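Residues annotated as region 'Domain I, interacts with DnaA modulators' in Swiss-Prot, with sequence analysis given as evidence: 1-93. What Swiss-Prot records for 94-119 is region 'Domain II', and it gives sequence analysis as the kind of evidence. Look at Swiss-Prot and you will find 120-336 tagged as region 'Domain III, AAA+ region', backed by sequence analysis. The ATP binding site annotation in Swiss-Prot covers GLY164, GLY166, LYS167, THR168. Residues or ranges marked as region 'Domain IV, binds dsDNA' by Swiss-Prot on the basis of sequence analysis: 337-458.
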Amino acid sequence: MKTELSEVWQQCIDHLERHTSKTAIENWVRSTRPVAVVEDTIIVGVQGEFAKHRMESRYAPLLRQALRDLTKRNMQLKFVANPNVIEDPAAEPVDAPNVADLPAGTSAPAAEQNARLLGYINPKYTFETFVVGNSNRFAHAAALAVAETPARTYNPLFIYGGVGLGKTHLMHAIGHYVLQHNPTAKVAYVSTETFTNEFIMAIQKGSTTAFQNRYRKVDVLLIDDIQFLAGKEATQEEFYHTFNAIREANKQIVISSDRPPKEIPTLEDRLRSRFEWGLICDIQPPDLETRTAILRKKAQSEGIQVPDEVTNYIATNIETNIRELEGALTRVVAYANMLKCPLTYDLAVQALKDILPPVRPKQITIATIKQVVAEHYNIRMQDFEVRNRSRAVAYPRQIAMYLARELTDSSLPKIGEEFGGRDHTTVIHACEKIAKDIQSDPAFAHTIEQLIARIRAE
């Protein structure tokens with residue numbers, strides 16, 4: 001009997017797992033996703049060009065054999081990196097085993113959602129994983145409102161902003177939300193480039209009616225990078241009628257672009273005016289706090305412990321692009337894994353030396369250390385120098401001595417002098433005590449990391 005393409009692909013992966021290592025499956029194959037069947041070719045989305053090369057060179061023959069065993073057909077495979085592929089209306093369903101033979105754990109809800117989705121949306125791009133800050137708060141609120149009540153609030157919703165700022169993330173999040181909360185809704189996500197290519201192919205094949213039906217009979221149309229519609233007169237004409245058909249059916253349209261409608265060159269005025277009918281909102285480059293939060297969220301989602309001094313260094317030096325921001329973190333983590341070294345500030349500087357300007361040595365002073373520690377522990381600057389033995393004062397003083405020893409070139413006598421003329425043996429005792437506490441108390445070690453990050457940021 002016929003069954004979902006995704007279910008067949010899952011069976012194929014399970015079959016492959018019996019003939020290769022589990023590590024290989026988890027690292028390379030498990031993240032792939034079948035996005036369409038065109039004649040006897042299954043189009044499979046992978047996460048990037050490197051993954052595409054790996055799949056083609058290493059696993060494609062095994063997967064083709066698995067498909068032959070399962071479907072009794074000589075299926076071909078085509079791997080595409082970061083796919084935005086719309087299902088072909090003439091695509092043939094795959095012959096598969098009886099549904100009773102499907103592997104355990106196949107998700108019926110997931111398969112049902114895929115049946116209502118044209119195109120590909122990244123499973124990681126949800127509202128829950130989107131980090132909200134001052135630069136994107138309005139766009140996030142508008143996207144969520146549209147997802148909750150499609151075609152009732154802002155229609156169309158037009159989101160614009162620079163490359164890598166989160167426009168596509170929000171569009172995918174809308175798609176996920178609608179599919180999860182509306183059991184009958186049909187969603188299409190497509191890039192303007194793919195829409196154009198599909199339209200050209202439909203003209204060549206004489207299948208424009210099928211093409212039009214596919215896009216005009218959805219409940220939510222998410223179209224990315226609409227600026228690439230500029231100069232394409234025939235595609236603009238087609239999209240104009242698609243836009244009207246969806247609006248007249250009281251369905252939702254969400255559009256993204258790298259610029260507002262009025263700045264898209266050679267765009268027909270009738271399209272420009274329609275893009276301005278609903279709500280236009282922009283996404284700006286994230287501020288430092290948002291960039292830091294994005295990195296921490298990324299690290300948390302990957303299950304990686306990243307010191308604050310590392311995230312602060314990356315967030316401070318990469319200011320305009322979230323993709324570059326996350327890419328830098330990935331590079332640092334990979335660098336640490338390859339060298340089998342802990343993640344540190346110095347390692348991050350080394351890992352990113354080819355993509356970031358060289359760090360100018362910053363002179364950290366004992367005065368700066370004392371100021372940061374005093375603010376953190378709510379004591380006065382003069383408390384570092386007085387003969388006060390209470391723990392509320394003595395312990396922060398020992399911390400400041402330890403940090404002075406670690407972050408400056410000052411000698412032990414010089415450090416002692418800066419802390420009320422204390423003997424160098426007192427400084428040694430303080431450094432040894434704090435070092436021991438760092439080793440035995442992870443929470444305290446995290447506090448020290450935060451203090452170091454703040455000192456370096458001053």
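Backbone N, Cα and C atoms are what each Cβ position is placed from, and that goes for glycine too.
Sequence features annotated in Swiss-Prot and their locations in the structure.
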residue	record	Cβ contacts under 8 Å, 6 or more apart
GLY164	ATP binding site	THR320, ASN321, ILE322, ARG323, GLU324
GLY166	ATP binding site	PHE130, ASN136, ALA139, ILE283, ILE322
LYS167	ATP binding site	ALA139, ILE159, TYR160, GLY161, ASP224, SER256, ILE283
THR168	ATP binding site	TYR125, ASP224, SER256
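Close to the recorded ATP site, the chain also has GLY161, VAL163, LEU165, HIS169, LEU170, SER256, ILE283, ILE322, ARG323: residues not among GLY164, GLY166, LYS167, THR168 whose Cβ is within 8 Å of the site's Cβ mean position. In the predicted model, the region 'Domain IV, binds dsDNA' (337-458) shows an average pLDDT of 87.
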